Amino acid sequence: MSEPQILIIEDEPKISRVLQLELEYENYVTEIANNGKDALRLMKEKDWDLVLLDIMIPELSGLEVLRRIRKTDEQTPIILLTARDEIHDKVSGLDLGANDYITKPFQIEELLARIRVHLRAPKMAKKEINNRISIGELHVDLDGREVVRGKDVIDLTKREFDLLVCLLRNKNIVMSREHLVEQVWGYDYVGETNVVDVYIRYLRKKIDNDYEPAYIQTVRGIGYSIRDMSS
């Protein structure tokens, strides 16, 4: 089986080189485009398994590159690299068809985890048969918005359910509070991110406290993750 091929679209030489070294250390095959025109040319020359796309690139913006890619390619996973204050660009990017984004500065371990998730996405999609997600003895019916652990039906509020689904769809990835707020509460949410801590406590009380193993894990100083204890 050939190694996954990743296109890095990033105009900052130091950043693109670090990304390339880290990815190649993980046995990915990489190539760098440092502007929008080169990015589109390379997209036509090869079938990429995943694209890392910085929004702030010269000649053609990252969002314009994304828009043009999605005209002919709806399948290749694209992860946006964004700055902290680019909320509008994050929303626009997701609306244009980006699969995910990560905010600079980021930990390379988090980016690698997100890459792994998107590269195995087709396998994960098959597990959502009839719109269900499962992890161990925890089963979620997305259409019926029903949660079952073991033999127990668990009653969740809308926000608790949405938070659980977000964690499950990113299982084994540490999700920051900021990212969870944006995914679950929305980009226009203006409250504090500690609302995530409150709802994590609610979720733990309902799906973890009376059961073994506990699925929701805290990663101190970073955020939360749902761990598949069988893997």
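Backbone N, Cα and C define each Cβ position, glycine as well.
What TrEMBL lists as domain 'Response regulatory' is 5-119.
The Cβ of Asp54 (4-aspartylphosphate) lies under 8 Å from the Cβ of Ile9, Glu10, Asp11, Glu12, Ile15, Gly62, Leu80, Leu81, each of which sits 6+ residues away along the same chain. For the recorded site, Asp54 (4-aspartylphosphate), the DSSP three-state label reads strand. As annotated by TrEMBL, 4-aspartylphosphate applies to Asp54.
Mapped onto DSSP helix, strand and coil, the domain 'OmpR/PhoB-type' (130-228) counts 34 helix, 25 strand, 40 coil. Residues or ranges marked as domain 'OmpR/PhoB-type' in TrEMBL: 130-228.
For the DNA-binding region (130-228), the model's pLDDT averages out at 89. Residues annotated as DNA-binding region in TrEMBL: 130-228.
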